[in-house]
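> The structure under discussion is supplied below as structure tokens; questions concerning it will follow.
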């Protein structure tokens with residue numbers, strides 16, 4: 001039997017928004033001292049969150065868990081206007097680690113709200129990004145309504161108030177194919193519906209989904225490194241399975257079941273946008289222990305995007 005090899009997806013792992021969010025927490029701790037409070041997990045990865053806890057970050061779900069006069073960081077997923085207003089009312093020092101591509105969606109929702117349009121948000125109920133985006137809507141600013149649609153079946157039962165004054169936005173980490181199907185169904189039902197000037201699904205989500213499909217065409221098993229609460233990581237594993245390949249989402253190398261690789265010749269390996277390279281390296285080491293002989297990296301879409309840090313943290317680092 002030929003030796004088992006490993007194919008690495010490209011790109012994989014951290015995106016620009018995740019890099020920025022983690023760096024904001026690290027620099028805030030370095031420059032202001034611990035503890036620094038973070039509302040929600042700054043990114044959805046257990047390893048990253050545990051590392052930041054050891055450095056002095058305290059993760060909370062609501063601002064009432066943050067003491068007066070403390071510093072709080074908003075996670076990469078974004079927050080509602082109500083959360084921002086509460087932080088301002090209490091005089092908390094805030095650093096905003098919201099991904100700029102999520103902020104773009106927030107601006108779209110606020111713009112439609114001011115214009116009095118109805119808005120359909122395509123996303124997963126309960127996800128913090130969706131909660132933050134829904135929370136950009138204010139009835140005080142406009143006469144429209146915001147609706148959440150999770151799947152194509154819900155389009156058939158959707159009943160908007162203003163079908164001729166309607167727009168849509170999306171969560172940034174969705175399956176590209178599923179989202180396009182929902183948008184097509186919405187357009188068929190509401191032909192006058194407006195869309196964003198540019199796709200709301202972020203470049204990193206698109207690139208990693210394209211890369212995992214490239215893997216699936218060449219492998220008989222795909223492992224995705226990412227935490228169970230990571231939306232984009234879950235989508236990667238789903239896509240591989242949808243393309244007919246056995247796939248598992250794992251937090252780290254310890255979760256690999258040796259039975260998975262029995263009889264497999266080509267193992268594909270990728271990582272969600274919130275999973276660090278050190279976890280990928282650990283999985284590679286474990287696969288070598290289990291008999292993997294060679295490792296190669298597929299060609300993929302180059303990524304060079306960098307998002308600026310908050311000005312105060314940049315200045316503090318220089319000084």
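Counting begins at 1 with the first residue displayed.
Positions of Cβ are set from backbone N, Cα and C atoms, glycine also.
Pasting the feature list from Swiss-Prot:
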type     : residues                             : note
BINDING  : 15, 99, 202                          : [4Fe-4S] cluster binding site
BINDING  : 44, 77, 127, 172, 230, 231, 232, 274 : (2E)-4-hydroxy-3-methylbut-2-enyl diphosphate binding site
BINDING  : 44, 77, 127, 230, 231, 232, 274      : dimethylallyl diphosphate binding site
BINDING  : 44, 77, 127, 230, 231, 232, 274      : isopentenyl diphosphate binding site
ACT_SITE : 129                                  : active site, proton donor
> Quick check for the class: what is the C-alpha distance, in angstrom and rounded, between residue 202 ([4Fe-4S] cluster binding site) and residue 172 ((2E)-4-hydroxy-3-methylbut-2-enyl diphosphate binding site)?
5
> Tell me the Cβ neighbour count for residue 274 ((2E)-4-hydroxy-3-methylbut-2-enyl diphosphate binding site), meaning other Cβ atoms within 10 Å of its Cβ, over all protein chains shown.
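Excluding its own Cβ, residue 274 ((2E)-4-hydroxy-3-methylbut-2-enyl diphosphate binding site) sees 31 Cβ atoms within 10 Å.
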> Compare the C-alpha of residue 129 (active site, proton donor) with the C-alpha of each of the binding-site residues 77, 99, 230, 231, 274, and give the closest one.
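Comparing Cα positions, the candidate nearest residue 129 (active site, proton donor) turns out to be 77.
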> Roughly how many Å lie between the Cα atoms of residue 230 ((2E)-4-hydroxy-3-methylbut-2-enyl diphosphate binding site) and residue 15 ([4Fe-4S] cluster binding site), rounded to a whole value?
13
> Are there any residues at least 6 positions away along the chain from residue 15 ([4Fe-4S] cluster binding site) with a Cβ closer than 8 Å to its Cβ? List them or say none.
202, 204, 273, 303, 305
> Rounded to whole angstrom, what's the largest C-alpha distance between any two of 44, 77, 127, 172, 230, 231, 232, 274, listed as binding (2E)-4-hydroxy-3-methylbut-2-enyl diphosphate?
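Looking at 44, 77, 127, 172, 230, 231, 232, 274 as a set, their Cα atoms extend up to 15 Å apart.
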> Other than 44, 77, 127, 230, 231, 232, 274, which residues of the same chain sit close to dimethylallyl diphosphate? List them in sequence order, counting a residue when its Cβ is within 8 Å of the Cβ centroid of the site.
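Filtered neighbour residues, in order: 43, 129, 173, 229, 233, 272, 273.
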> Reduced to three states, what secondary structure does DSSP give residue 231 ((2E)-4-hydroxy-3-methylbut-2-enyl diphosphate binding site)?
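In three-state terms, residue 231 ((2E)-4-hydroxy-3-methylbut-2-enyl diphosphate binding site) counts as helix.
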> Determine, to the nearest whole angstrom, how far the Cα atom of residue 44 ((2E)-4-hydroxy-3-methylbut-2-enyl diphosphate binding site) is from the Cα atom of residue 99 ([4Fe-4S] cluster binding site).
13
> List nothing but the one residue from 44, 127 whose Cβ has the fewest other Cβ atoms within 10 Å; the candidates are the binding-site residues.
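The binding-site residues 44, 127 were compared, and 127 has the fewest Cβ atoms within 10 Å.
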> How big is the gap, in Å, between the Cα of residue 274 ((2E)-4-hydroxy-3-methylbut-2-enyl diphosphate binding site) and that of residue 99 ([4Fe-4S] cluster binding site), rounded to a whole number?
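Per the Cα atoms, residue 274 ((2E)-4-hydroxy-3-methylbut-2-enyl diphosphate binding site) and residue 99 ([4Fe-4S] cluster binding site) stand 12 Å apart.
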> Including all protein chains displayed, how many Cβ atoms other than that of residue 99 ([4Fe-4S] cluster binding site) lie within 10 Å of its Cβ?
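Around the Cβ of residue 99 ([4Fe-4S] cluster binding site), 26 other Cβ atoms lie within 10 Å.
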> Are there residues of the same chain, six or more positions away from residue 77 ((2E)-4-hydroxy-3-methylbut-2-enyl diphosphate binding site), whose CB falls under 8 angstroms from its CB, and which are they?
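In sequence order, 40, 98, 99, 102, 127, 128, 129, 132 meet the Cβ cut-off.
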